[in-house]
Amino acid sequence: MRRLILAISAVALTATAALADPISERQAIMKSNGKALKSISAIAKGEQPFDADKVMAALKTLNEDAQKIDVEKLFPDGSQTGGDTTASPKIWDDMAGFQKAVDKFKADTASAVTASPASLDDLKVEFGKVAKNCSSCHEGFRIKKG
Amino acid sequence: MGVAARLAMGAVALCVLGGATFWYLTAPVRLDPIRLAGLGTGDAAKGERIFWAGGCASCHARPKAEGGAKLELAGGVELKTAFGTFVAPNISQDPKDGIGAWSVEDFANALMKGVSPSGEHLYPAFPYTSYARMKVGDVADLYAYMKTLPSVAGKAPDHSLRFPFNIRRGLGLWKLLYLDDDPVVEFPEKMQEPVLLGRYLAEGPGHCGECHTPRQFTGATNDGKWLAGATAAEGNGIVPNITSGQGGIGSWSEDDISNYLETGFTPDFDSVGGTMVEVQKNIARLTPEDRAAIAAYLKAIPPHPNGYPPRKAKPAS
């Protein structure tokens with residue numbers, strides 16, 4: 001009997017762990033995106049010399065982060081509020097629209113990696129495409145909080 | 001005549017007097033002839049800068065318009081506030097549904113005095129409280145530029161406001177209290193450019209204070225907390241503090257601010273969001289000098305702590 005209870009609590013524990021904390025998970029992804037963008041923005045603006053390795057590393061990070069955004073898992077019902085989330089209720093009002101925006105981000109980061117920019121001009125094009133996703137998604141799907 | 005009748009007559013007289021006073025105080029006031037004379041002919045090429053600085057398309061293009069459609073000023077964007085829902089009107093060149101029939105004087109009176117050609121008060125959801133600080137020459141340039149934009153037929157729906165805000169005449173009193181064309185932030189006389197240009201762009205056409213400054217219960221901006229951030233007019237969010245006070249952007253350099261206005265990225269590489277996305281795209285069309293001037297102004301204004309209440313404590317669970 002004790003074993004059964006232990007087993008059940010173990011299962012219950014893993015189940016909770018799987019959902020862990022979607023809010024902090026999605027925030028960690030966004031932080032990592034910010035870091036990656038920062039590392040190449042000076043290059044994209046021509047303020048730092050072009051460095052293909054650095055550029056690829058950043059684009060790969062962005063792409064890996066983007067592919068991690070599983071809307072169902074990271075934005076489940078019940079994660080509208082809590083912690084210091086700045087996710088807008090519009091995400092849940094318009095799941096299809098949000099999914100579309102996430103899919104676009106995924107596609108744009110993947111194609112930036114495939115393009116493997118070899119010059120500043122190539123980078124500018126890819127950087128511009130990827131960076132546009134930030135504001136277009138934050139325009140409707142995030143709210144600023146104090 | 002009995003006492004009651006006398007009292008009744010007195011009450012009627014008071015009402016008439018009160019009504020007359022109200023009517024007198026709420027009369028629309030247009031620009032004086034001396035200022036109107038400064039309008040000149042207007043230069044469309046220069047007016048384009050004012051158009052983007054003023055953010056006209058953000059409210060007056062159709063909702064979610066992109067690219068060339070941003071220049072079709074058919075209106076229709078809704079602003080849901082505590083007073084009711086405002087709907088941005090058609091300001092395209094259509095002579096019937098838009099403003100194609102307006103003279104440059106009509107345009108200046110609307111923009112700087114909030115008075116329509118027929119003499120009605122316009123609601124300050126249209127930020128003439130900021131545009132009042134514009135140079136008349138810039139207003140004429142803007143008029144000339146807007147003459148080059150397409151004419152689009154079709155009126156936008158009317159505003160839908162609660163009583164008493166649906167009575168336009170009452171706005172006359174509000175304007176007596178709150179409409180003036182002086183700069184908000186006074187600088188010492190020796191203040192150098194580009195701060196003064198930045199003040200003009202931010203306080204005038206850019207109308208930053210309309211969202212970034214908290215409002216009093218009357219709906220007027222609380223200028224003692226100028227640009228200190230505010231509870232958003234729509235939704236549950238806030239508009240950030242853009243002074244150097246606590247919670248503001250004191251840690252940003254002028255370059256950081258210019259860069260944000262150009263690219264939409266903060267120094268930490270968070271991105272612009274919400275309604276600021278539109279504003280940032282507009283400001284990105286200005287020259288680097290204009291953006292640097294706005295940055296210099298924001299670093300020169302008095303610092304204030306956040307103008308919105310602190311966030312509620314996190315829920316226990």
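Using N, Cα and C of the backbone, Cβ positions are placed for all residues, glycine too.
Taken from TrEMBL as is:
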SIGNAL    A:1-20  signal peptide
BINDING   A:CYS134, A:CYS137, A:HIS138  heme c binding site
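Distribution of TrEMBL features across the structure.
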residue  : record              : Cβ contacts under 8 Å, 6 or more apart
A:CYS134 : heme c binding site : A:ASN33, A:LEU37
A:CYS137 : heme c binding site : A:ALA101, A:VAL102, A:PHE105
A:HIS138 : heme c binding site : none
Can you tell me the three-state DSSP label for A:CYS137 (heme c binding site)?
helix
